[in-house]
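K.L.:
Got a structure for you, written out below as structure tokens; questions coming shortly.
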Number of protein chains: 2
Amino acid sequence: MYNFYELIEEHVKWISEIGADPTGGTTRLLYDENWRQAQAELKEKFEALDLVTQFDEIGNLYGKLEGTKYPNETILTGSHVDTVVNGGKLDGQFGIIASYLAVKFLKEKYGAPLRNLEVISMAEEEGSRFPYAFWGSKNIWGLADKNDVIDATDANGVKFVDAMMDSGFKFKNDLAPTRDDIKAFVEIHIEQGSVLEKTGKQVGIVNSIVGQKRYSITLSGESNHAGTTPMGFRKDTVYAMSKMISEATDKAYEQGDPLVLTFGHVDVQPNTVNVVPGQVTFSMDCRHTDAKVLKEFTEEIETLFAEIAKKHGVEIIMDNWMDESPVPMSKEIVGTLEEACKEANLNYTVMHSGAGHDSQIFAVHVPTAMIFVPSIDGISHNPAENTRTEDLVEGLEALIASLYKLAYEEK
Amino acid sequence: MYNFYELIEEHVKWISEIGADPTGGTTRLLYDENWRQAQAELKEKFEALDLVTQFDEIGNLYGKLEGTKYPNETILTGSHVDTVVNGGKLDGQFGIIASYLAVKFLKEKYGAPLRNLEVISMAEEEGSRFPYAFWGSKNIWGLADKNDVIDATDANGVKFVDAMMDSGFKFKNDLAPTRDDIKAFVEIHIEQGSVLEKTGKQVGIVNSIVGQKRYSITLSGESNHAGTTPMGFRKDTVYAMSKMISEATDKAYEQGDPLVLTFGHVDVQPNTVNVVPGQVTFSMDCRHTDAKVLKEFTEEIETLFAEIAKKHGVEIIMDNWMDESPVPMSKEIVGTLEEACKEANLNYTVMHSGAGHDSQIFAVHVPTAMIFVPSIDGISHNPAENTRTEDLVEGLEALIASLYKLAYEEK
């Protein structure tokens, strides 16, 4: 009899200790010592399960249970093995553990599938050691340009290339063809938000990953003495910024879900109690699952900000430095997952993801969907990141039921 | 024939070179080498003019032209000799130069006055070396508590007491009586604002110094992922702050002059593009010449902020750490100055001061008024601080005419 509860707790404990730091968090960065150890120990586990196990050139780890009927069709499942600095015990790695436990259970209960069932422990997703994210998944799809990392160094000055070579890996051959056997990719991940928790659901089937636009907005007015400058003589950038943030956020509420709008970073100059602030730079992060709505909403905000700046006599520069399109998941795979959850009588809902994941790289190339489990208080990227084990079990059961349908059933 | 234009330029050049720094500014801090040199050279100038010259215990320098008829009545004029770090060439020191030149002119043209006419070069006003402002004027009126400075050190760790002793000065005898001979104090100073410039006036007769209330306001909400936290689940402190600053500043405009309201300092936590900001601390600086209006307006803002915080589900702490009452100048002296300017056909207006000055310490004890000259672009506390020499001349003429009325006329 399988005790998923104990198995999950045991495996989460095991992997989060590889790179455990004194604060109770885990730091396991691309190609570092902890990363090498985690990948090596995962490889041993895959081999012990008699999976066909291998690393690709850059360090993604695969463990394949071969299919009996469709050897050229693969159902892939997994997530990323790297963490942020001082990260939690679930982000990324729970997806690898759940995928491994799911394949183990399915193999031991049902034997070989019709299609290959393959677990992947991806090298990197967070961009937390070098300034490059999705190194693992982008390499799989021929999207990683070596020129983007060749001069990169980490916080200690170690070069990306040296770190990679020291781990025994190298750049992928640009001319090598990408895989054409992957018929579906399913990634299970913590939500990193509180929608499931607040709505009392244990499983989220992700049907879309939001697009995001990020701006850096600079207002230039005049720094003046706070006592001797009458209100009518001022070009106060914090006042103008306040109008912008206040009115734009009001509009975001009017627009409604799934739009989110965040002004998380503010830098005032000279930032002194008794000086009218002459310059401010602030960030704007806007996300939506619909590219058209995202575009129209941000255009409306850009117009609004230009009007407010003009009215307040301040100069405005709006630098839209990130513009990522929303990525819809595969309707077919989402449908399969829904069916699996329904049949298994699981406590699920269909939702979008407000954060980026490896699945957004896969979804452009192969039918992809994600499964979310709740995050307590929505906390992530932090040692306090946590999920009730019963919710992790519910997620694992959803993954098992989904992989069974995808790899063991004729369709 | 006096050429005030040349005399002023020559004297400003001379004093601003004592402590000139490589950026074109002047740094002359209480009891430092430059301060000692400036006071010593001023003393020589006072003595060369045959003024009765002396330092008091803490380092205020006096030069008295004795009156013939009322030896127990003194008309005092002057300002402070210290600068801010990397300050300009006029703040404080123009007041000393103009006072010295006025007394020199009056003595040479009219001989001895009826009342004593005394120039003062005050030791300290800015609080730029040690965390204590108005050390000069507060000592004159027995308001300086040695306990407030006894443990103070400067940026280099030098103790206040050691700096004072090394300059040959010491704490004032607490039991010594304060002077009762001062019948008027007139301080000429740069405006440090742009009211005179924008209204085309060369001289401002100050009838009031604003009161000021300063707050540090902290909002605590929840830091959440900017992508995965729907708008309805947020406790966004930057959004709440924006409502506060926007609505409060609107109210300040409605209230009208002379009220000014400034939010100059903003500190967001964690201050990251993709995190809903969970905490923000910002400053509020509010000034008005009428204590009642200042109190009522800030009470209204406090109520408004509490309401906004409640509506946004964020905690608010409002720390009102400064509460200085407005200080009216002497109606009689202001009247005398107006009369003098009118008779001399000077281009003057009556106005309030939005910044603090030594005069606010004097005004509580003796009839006091100030004369302002324009500041180009309102700039001060900066090497770019400047005033057209013809405006400095106009100010000097206003001071001369005023001192003549106060010291040479019967009343």
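From the backbone N, Cα and C atoms, a Cβ is placed for every residue, glycine too.
Under the heading Zn(2+) 1 binding site, TrEMBL lists A:HIS80, A:ASP91, A:HIS189. Sequence annotations record features per position, and here TrEMBL assigns Zn(2+) 2 binding site to A:ASP91, A:GLU126, A:HIS381. The feature allantoate binding site is assigned by TrEMBL to A:ARG214, A:ASN274, A:ARG287. Positions annotated as domain 'Peptidase M20 dimerisation' by TrEMBL: A:211-311.
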K.L.:
If proximity means a C-beta under 8 angstroms from chain B, which of A:HIS80, A:ASP91, A:HIS189, A:ARG214, A:ASN274, A:ARG287 count? These are the binding-site residues.
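P.N.:
From A:HIS80, A:ASP91, A:HIS189, A:ARG214, A:ASN274, A:ARG287, flagged as close to B: A:ARG214, A:ASN274, A:ARG287.
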K.L.:
If you measure from the CA of A:HIS80 (Zn(2+) 1 binding site) out to 10 Å, which binding-site residues from the list A:GLU126, A:ARG214, A:ASN274, A:HIS381 are inside that radius?
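P.N.:
Within 10 Å of A:HIS80 (Zn(2+) 1 binding site): A:GLU126.
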K.L.:
What is the interatomic distance between the Cα atoms of A:ARG214 (allantoate binding site) and A:ASP91 (Zn(2+) 1 binding site), given in whole Å?
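P.N.:
About 23 Å separate the Cα atoms of these two residues.
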K.L.:
Sorry to bug you, but what's the C-alpha spacing from A:ASP91 (Zn(2+) 1 binding site) to A:GLU126 (Zn(2+) 2 binding site), rounded to the closest Å?
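P.N.:
A:GLU126 (Zn(2+) 2 binding site) and A:ASP91 (Zn(2+) 1 binding site) have their Cα atoms 10 Å apart.
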K.L.:
What are the other residues, in sequence order, whose C-beta lies within 8 angstroms of the center of the C-beta atoms of A:ASP91, A:GLU126, A:HIS381 at the Zn(2+) 2 site?
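P.N.:
Surrounding the site, in chain order, are A:THR83, A:VAL84, A:GLY87, A:GLY88, A:GLY92, A:SER128, A:GLN192, A:SER380.
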K.L.:
With A:ASN274 (allantoate binding site) as the reference Cα, tell me which of the binding-site residues A:ASP91, A:HIS189, A:HIS381 is the closest one.
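P.N.:
Closest candidate to A:ASN274 (allantoate binding site), judged by Cα separation, is A:HIS381.
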K.L.:
Going by DSSP, is A:GLU126 (Zn(2+) 2 binding site) part of a helix, a strand, or coil?
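P.N.:
Once the DSSP labels are grouped into three classes, A:GLU126 (Zn(2+) 2 binding site) ends up as coil.
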K.L.:
Averaged across the domain 'Peptidase M20 dimerisation' (A:211-311), what pLDDT does the model get? Just tell me the whole number, please.
P.N.:
96
K.L.:
Which Cβ among the binding-site residues (A:ASP91, A:GLU126) has the fewest C-beta neighbours inside 10 Å?
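P.N.:
Taking A:ASP91, A:GLU126 as the binding-site residues, the minimal 10 Å Cβ count falls on A:GLU126.
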K.L.:
List, in sequence order, the residues of the same chain other than A:HIS80, A:ASP91, A:HIS189 whose Cβ lies within 8 Å of the centroid of the Cβ atoms of the recorded Zn(2+) 1 site.
P.N.:
A:SER79, A:LEU90, A:GLY92, A:GLN93, A:PHE94, A:GLY95, A:GLU125, A:GLU187, A:ILE190, A:HIS357, A:ASP358
K.L.:
Quick one: pull the CA-CA distance for A:ARG287 (allantoate binding site) versus A:HIS189 (Zn(2+) 1 binding site), whole Å only.
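P.N.:
It is 20 Å, counting Cα to Cα.
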K.L.:
Sorry to bug you, but what's the C-alpha spacing from A:HIS381 (Zn(2+) 2 binding site) to A:ASP91 (Zn(2+) 1 binding site), rounded to the closest Å?
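P.N.:
Approximately 7 Å lies between the Cα of A:ASP91 (Zn(2+) 1 binding site) and that of A:HIS381 (Zn(2+) 2 binding site).
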